[in-house]
Amino acid sequence: MSIFKKSSNTAPSQHEDVEALASDEADLAALGYKQEFKREFSAWTSFCVSFSVLGLLPSFASTMYYTTGYAGTPAMVWGWLIAMVFVQCVANGMAELCSSMPTSGGLYYAAAVLAPKGWGPFAAWLTGWSNYLVQVTGPPSVAYSFAGMILTLVQLHNPNFETQNYQIFLLAVAAMIAQGFISSMPTKVLAVFNTWGTVLNMLFLAIVMITVLAVAGTKTPRGFNSNHKVWNEFDNQTDWSNGMAMLMSFAGVIWTMSGYDSPFHLSEECSNASVAAPRAIVMTSAFGGIVGWLLNLCIAYTIVDVNAAMNDDLGQPFVVYLRQVCNYKTTVALTSLTVICSFMMGQGCMVAASRVTYSYARDGVFPFSKYLAIVDKRTKTPNVCVWMNVVVGILCCLLIFAGEAAINAIFSVGAIAAFVAFTTPIFLRVFFVKEDEFKRGPWHLGKFSKINGYAACAFVLLMVPILCFPQFRGKDNTPDAMNWTCVVFGGPMLMVLIWWFVSARKWFKGPRLTIGVDDAVSEINVLEGVTKSDDDSISTLKKK
């Protein structure tokens, strides 16, 4: 029976009840889910959460080693611009899918719907687990950076202080526990908290940019770097060509910009979701890309010595850069602002991760899913999922004791896992779904949809292997210098594949609908081009 056709066996009262639903609830019902959360996010507050997850200032500080250290200032200026054009293509394609299918399952749900007949469960399985790796490694990677910067402040005050791994671990754990408590609060409180978090992020970012421009040249006689130096002089600290080093530097851009999917996962808590959520996605990527480029310009024109910043014993390139440009008190002040932004960023990551985890638990992906999918009756938030992610994040932080190379792999995993998850449904949409089989939402790209999709997919196909390349090769590629991304990402994904073929393919049938077909909505609100069989799994949705 098609879910876009009315059933002759359906009582009129059922349709009357459904037509009385708010538009957002009706759209969600059309996708097979009943309303569980309170819709207290707007386009602005959804943007605030995703911009907090983006955390431009702490994200840049955390990934400066990749963005600047691989190829120097050219990677910061025109390299960032090149990467952002294609990152925006991915964001645009995601926004179009979000407008059509505004569920917290997001990319995972879209992959199940758009995959060819018989491949829906497998597509959803891989997309879901890859996206979960993005979400669950986000909070610990941010917490690790947060802890590192706090201890760097101690080192600035006392140069004889030596940071110990257990200190980083305990600070990171404390941060995630605090963020877990905040993320367990009601949606309305989260909206207010993240609004203020975004305001502070923007304010502190502006303060840092204005300050470094104002003080440039006061500590050293060089003043601003020349245009030729900034745009043309590579400082290649890899064993690869300048072009390859430039592509490898995109890892910092991709990781920094990987938070724009958050509005998709918050769409079930957003009013006017089919319009507000995709707008928030595009706003986050576009605004983040532009402001991030301006931040890069400020640093590129004021940095004194790229090589010294990357290789200083302090181990924090951004703080070393500030020390090159500013006096002690200003360096401490700007680093402190970055630490505060980092905490806000980690909290946004925790919220987004909990919503993704809930959507998967609702569909029975995890062991003990029925317990994980419990929504707190008082706060109307998935608090069990929040604390599961806190526990997993703490386990990820144990990599701190395995060495810097192991814990740093989390950053690369976030980039590559995000790209795989973000682009899989876009790939399916572009190559396997005809235009007349896909019902666009109110936000769409029109005739540019396919072109945008081709550009996004081509960029991802290029970047996925490059993100696995080590900085050095030959005898210089020691275990400590090795890029372990292929292991840290490939290992879990290999286990997921084995799990699929051994067991999951027998019981996982894709996203489970929590509302019956006859309880859905009238034909105008339903995703076209699919039909549903008698079981309640979207994996049985087929093209007409």
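Every residue gets a Cβ built from N, Cα and C, even glycine.
Swiss-Prot lists 41-61 (among others) with the feature transmembrane segment, giving sequence analysis as the kind of evidence.
Residues of the same chain lying 6 or more positions beyond the ends of the transmembrane segment (71-91) and with a Cβ under 8 Å from any Cβ of it are 225, 229-238, 242, 245-246, 248-250, 253-254, 257, 260, 281-282, 284-286, 289, 292-293, 296-297, 299-300, 303, 306, 419, 422-423, 426, 452-453, 455-456, 459-460. If you look up Swiss-Prot, you'll see 71-91 (among others) marked as transmembrane segment.
Per Swiss-Prot, the feature transmembrane segment maps to 106-126 (among others).
What Swiss-Prot records for 166-186 (among others) is transmembrane segment, and it gives sequence analysis as the kind of evidence. Here the transmembrane segment (166-186) has long-range neighbours at 38, 139-140, 143-144, 146-148, 150-151, 193, 343, 346-347, 349-351, 354, 376, 378-381, 383, 386-387, 389-390, 393-394, 397-398, 400-401, meaning same-chain residues at least 6 beyond its ends whose C-beta is under 8 angstroms from one of its own.
Per Swiss-Prot, transmembrane segment is recorded for 196-216 (among others), and the stated evidence type is sequence analysis.
Among the features that Swiss-Prot reports, transmembrane segment is placed at 240-260 (among others).
The transmembrane segment feature in Swiss-Prot is assigned to 280-300 (among others); the stated evidence is sequence analysis.
Same-chain neighbours of the transmembrane segment (332-352): 49-55, 57-59, 61-62, 135, 138-139, 142-143, 145-146, 149-150, 152-153, 156-157, 175-176, 178-180, 182-183, 190, 193-194, 197-198, 200-201, 204-205, 207-208, 211-212, 259, 261-262, 265-266, 318-319, 322, 326, 386, 389-390, counting only residues six or more beyond its ends whose CB sits under 8 Å from a CB of the stretch. According to Swiss-Prot, the feature transmembrane segment maps to 332-352 (among others), an assignment based on sequence analysis.
Here Swiss-Prot flags 391-411 (among others) as transmembrane segment, drawing on sequence analysis.
Same-chain neighbours of the transmembrane segment (413-433): 90, 93-94, 96-97, 107-108, 110-111, 114-116, 123, 126-128, 130-131, 133-134, 137-138, 141, 251, 254-255, 258, 261, 449-450, 453-454, 456-457, 460, 463-464, 467-468, 485, 488-489, 529, 543, counting only residues six or more beyond its ends whose CB sits under 8 Å from a CB of the stretch. The transmembrane segment annotation in Swiss-Prot covers 413-433 (among others).
Per Swiss-Prot, transmembrane segment is recorded for 451-471 (among others).
Same-chain residues lying 6+ beyond the ends of the transmembrane segment (484-504) with a Cβ under 8 Å from its Cβ atoms: 122, 125-126, 129-130, 133, 405-406, 409-410, 412-413, 416-417, 467-468. Marked as transmembrane segment by Swiss-Prot on the basis of sequence analysis: 484-504 (among others).
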Positions on the same chain near the transmembrane segment (280-300), where near means CB under 8 A and six or more residues out: 43-44, 46-47, 50-51, 54, 56-57, 60, 67-68, 73, 76-77, 80-81, 84, 87-88, 91-92, 94-95, 98, 205, 208-209, 212-213, 225, 230, 253, 256-257, 259-264, 270, 321
The transmembrane segment (196-216) versus listed stretches 41-61, 240-260, 391-411, 451-471: most Cβ pairs under 8 Å: 41-61
Of 41-61, 240-260, 391-411, whichever stretch has the most CB pairs under 8 A to the transmembrane segment (451-471): 240-260
Same-chain residue ranges lying at least 6 outside the transmembrane segment (41-61) that approach it to Cβ under 8 Å: 67, 138, 142, 145-146, 149, 187, 190-191, 194-195, 197-198, 201-202, 204-205, 208, 252, 255-257, 259-263, 266-267, 269-272, 275-277, 279-281, 283-284, 287-288, 291-292, 295-296, 316, 318-319, 337-339, 341-342, 344-345, 347-349, 351-352
